[in-house]
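First the structure, in the form of structure tokens, and then the observations on it.
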């Protein structure tokens, strides 16, 4: 699976460079001008026959990232929509990206993603990180809410390997909501025609179990590092957003 992702990445790099024959050997890059890729925000100077360490790279401001975490039904999506309108963030839902990839015609990961989502399990991190990175690059924006990620230790480790050096992580926005409220919201959402295959009691029990066993320890880890902004998500959406607004303004947004 990872080899397939790697091939896709290499094809994208070749297209950005305007040179479909670019390979991995250092000699293949000599005497070529690599064009600036607007999506990735990286600037690479013209290479020469000089040693590899002489290639110059201009630093640019890294995109700012806020993780948005909370149990199923905590209102993460609703609050993210309001944050986008008020603070000009780009909202990336890990779950939405996975569902879109699952339904995309010809996707080699569609069946795998469907199986994981239906059973309340967490999709392999390589898939999720690649979808997030591609979406960030495609947006051309600099502020991101990443909703529903990282959901376990493997997610966090994969993010650190693939993305930690590419972004400016800010903090975790944690929507803390009682389980009974979350269940009521999810079931109501399903009954009103959300179209989500996991908005049913059977899947919800599995999702809550996964959240308690895998996601809460990640939130506690960030909390121990002083990187969590906790919000009581039990009240109505308007009241919750009032607290969100205070936090983001105080954080310089």
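Here the Cβ of each residue, glycine as well, is placed from N, Cα and C on the backbone.
Automated prediction, rather than curation, is the source of TrEMBL annotations.
Pulled from TrEMBL, these are the features on record:
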BINDING   73, 74, 75, 76, 77, 78, 189, 235  ATP binding site
REGION    93-123  region 'NMPbind'
BINDING   99, 121, 122, 123, 148, 149, 150, 151, 196, 207  ribonucleoside 5'-phosphate binding site
BINDING   155  CMP binding site
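Here residue 77 (ATP binding site) is compared against the binding-site residues 122, 148, 150, 155, 196, and the shortest C-alpha distance is to 148. Looking at residue 78 (ATP binding site) and residue 148 (ribonucleoside 5'-phosphate binding site), their Cα atoms lie 13 Å from each other. With a 10 A radius on its CB, residue 99 (ribonucleoside 5'-phosphate binding site) counts 18 other CB atoms from all the protein chains.
Here the candidates are the binding-site residues 75, 76, 189, and by Cα distance the one nearest residue 196 (ribonucleoside 5'-phosphate binding site) turns out to be 189. Comparing C-alpha positions, residue 76 (ATP binding site) sits nearest to 148 among the binding-site residues 122, 148, 155. Burial estimate for the binding-site residues (77, 150): highest at 150, by number of other CB atoms within 10 Å. With respect to Cβ neighbours within 10 Å, the binding-site residues 74, 122 differ, and 122 shows the lowest count.
Separation of the C-alpha atoms of residue 189 (ATP binding site) and residue 148 (ribonucleoside 5'-phosphate binding site): 17 Å, rounded to the nearest whole number.
It is 9 Å from the Cα atom of residue 122 (ribonucleoside 5'-phosphate binding site) to that of residue 155 (CMP binding site).
It is 20 Å from the Cα atom of residue 235 (ATP binding site) to that of residue 148 (ribonucleoside 5'-phosphate binding site). Taking only the Cα positions, the spacing between residue 99 (ribonucleoside 5'-phosphate binding site) and residue 74 (ATP binding site) is 19 angstrom.
With respect to their backbone Cα atoms, residue 155 (CMP binding site) and residue 148 (ribonucleoside 5'-phosphate binding site) stand 11 Å from each other. When Cβ neighbours within 10 Å are tallied across all protein chains shown, the highest count among the binding-site residues 73, 75, 235 belongs to 73. Residue environment of residue 196 (ribonucleoside 5'-phosphate binding site) contains 15 other Cβ atoms, counted within 10 Å of its Cβ in all protein chains.
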